[in-house]
């Protein structure tokens, strides 16, 4: 308000929206978007240390505050002793700004937070840092973010992007965007922006939506969709465990199955195993986000392990629970994508097979358009719906089958 002002018109006008970058910096890295976290408070720059569980979900606030894309990796390390600013992790996750959550540690500390951000690419609007609409920061657009058109990435380009973001393999899936260009990747690039690009038209186009699988795996089970949970963080695979085993339930396990594109969880338990280094996951965080976003390293070994069995190629979606919703199956002929199943495709025996496969109770059959017209013929003793004989029928679009099973067994 010390600046000179001139009154203009009209009396009513669109309000000015403005976002200021956070008073943060990442130092000691290869670019401005990676390194040790430092913050300025009351005119003084200090390293930042955390009081709480620091994971990718928290690190995302640093990347966002620096306009550096999304968080790829983060860790706590020991360094030289110095005065620090403390940050409350829970506050960062809720307020989304590091600056709002800083406090004076009033002491020195040798710990430091290291963060690597994706810099000029990000996925926005998804359930996790590994899914959403693709946006890039184009130098020709004066550092603003712009969406990328559907069809701009082929399989190799998507693999480069998912790898750059620290995620698993891509699951390609398309709001209008001002950036029409196509990426031509060899597949061995480390960053999407290293690929050759050709600017195309039109100026507006449907935006590319992409989901990368989580860097997870289930080991020791009968299929890729059951076993002990392991995750990759900073290039290292470890078993995953939780200190809040009492709250690790099917809702939490759903994040594992979803991250692996393995349907819905059928069962989960915490067991004892051999002692080894582990990644720790915060259960409450997982229920709202993804496993990868909620991992952290507490520096200790542990003998406990998480076991999960997922439904693999069948799931119920859009319902109030894991035992209700519209039936979808993962058909090999559809290149692993999920498709709905028509009303009338299941009889009582087929529904009983499905509910049993999902670990639920008896079926309560009930009926949006789906591309998959086929009928299941079950004897009733099958363990999986996809073991039943199927005949493909028509039409290509049909009302989708909705099913409710009477609740989860053991629940």
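Keep in mind that glycine also has a Cβ here, set from the backbone N, Cα and C atoms.
A TrEMBL annotation is a machine prediction, not a hand-curated record.
Annotation comment: TrEMBL describes 24-118, 121-213, 216-311, 314-406 as domain 'SRCR'. TrEMBL lists 91-101, 185-195, 378-388 with the feature disulfide bond.
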| query | Relative to the Cα of residue 388 (disulfide bond), which of the disulfide-bonded residues 91, 101, 185, 195 has the closest Cα? | reply | 185
| field | residue 185 (disulfide bond) and residue 378 (disulfide bond), Cα-Cα, nearest whole angstrom | value | 46
| note | Summed over the domain 'SRCR' (24-118), the DSSP helix, strand and coil counts are 20 helix, 55 strand, 20 coil
| message | At a 10 Å cut-off from the C-beta of residue 388 (disulfide bond), count the other C-beta atoms across all protein chains. | response | 18
| query | How big is the gap, in Å, between the Cα of residue 101 (disulfide bond) and that of residue 195 (disulfide bond), rounded to a whole number? | reply | 38
| field | Integer Cα-Cα distance in angstrom, residue 195 (disulfide bond) to residue 91 (disulfide bond) | value | 38
| For the domain 'SRCR' (216-311), what are the DSSP-based totals of helix, strand and coil residues? | 22 helix, 48 strand, 26 coil
| field | Distance [Cα-Cα, Å, rounded] between residue 91 (disulfide bond) and residue 185 (disulfide bond) | value | 40
| Relative to the Cβ of residue 185 (disulfide bond), which residues of the same chain, six or more apart in sequence, are found under 8 Å away? | 153, 154, 156, 157, 159, 160, 192, 195, 196
| message | These are the disulfide-bonded residues: 101, 195, 378. Which one scores highest on other Cβ atoms within 10 Å? | response | 101
